[in-house]
Amino acid sequence: MASDPPPPYPGGPSAPLLEDKHGAPRMEEPRPAPYPQAMAFAPPDCGPPPYDANPGYIAPNPGFYPPPGPYVPMGYYPPSPSQFQPPYPSQYSSPGAQGTAVILPPGPTSTSGTTTVTSNTTTVTVLHGEIFQGSPVQTVCQHCQQPITTKISHEIGLMNFLLCCFCCFVGCDLGCCLIPCIINDLKDVTHTCPNCKAVIYTYRRMC
């Protein structure tokens, strides 16, 4: 017993190495990198954005809907109802006549007027003033309000008197100076109503 060697101390030089007991340490093989589940792909290049022809145009809101009803385009204004009303001529109806008389007022620079008389199927148009001359005229009597044709009568006027004086001055005597007094074209003309005998107008050859 005394000749036996002392037991080796754990961890001493005589202790067998862990490598000798279990062998050389095994080298771990490198593991491959995990394959990514999804790879991000960049979108293909489609070129520059499309050109906007109307840079100031704003697209309407898709959630807006115009109210139902008639559509009126911009810049259009419906005409007022007064534009479709036909003009009403000034007309009056005589109490004893069957037709209707329409009177148009005279113009601003003329002293003569216009009278249009319609009786059944007869239309009479009269211009007051110069139209009353040496012949009968169709008109409406201002007194009896009847459409009539005036009755004329010739009367000696100023022109007859002046022509008689002129004939005496040039030597026409023995009654020759009275010749202008028997010429109707030199006399004044009086227009009267054949119904009520009222004087309508007197046409004077010389005022």
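Including glycine, each Cβ sits where the backbone N, Cα and C put it.
If you look up Swiss-Prot, you'll see 1-13 marked as compositional bias 'Pro residues'. The region 'Disordered' annotation in Swiss-Prot covers 1-54. The annotation compositional bias 'Basic and acidic residues' is assigned in Swiss-Prot to 18-31. According to Swiss-Prot, the domain 'LITAF' annotation covers 121-205, on the basis of sequence analysis. According to Swiss-Prot, the Zn(2+) binding site annotation covers C141, C144, C193, C196, on the basis of similarity to another entry. Look at Swiss-Prot and you will find 161-183 tagged as region 'Membrane-binding amphipathic helix'.
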Not counting C141, C144, C193, C196, residues with a CB within 8 A of the CB centroid of the Zn(2+) site are Q142, H143, Q145, Q146, I148, P194, N195, K197, A198, I200
Looking only at the domain 'LITAF' (121-205), mean pLDDT returns 83
Grouping DSSP H, G, I as helix and E, B as strand, the residues of the region 'Membrane-binding amphipathic helix' (161-183) number 16 helix, 0 strand, 7 coil
Counting across all protein chains, other CB atoms within 10 angstroms of the CB of C144 (Zn(2+) binding site) number 16
Row C193 (Zn(2+) binding site), column other C-beta within 10 angstroms, all chains, value 20
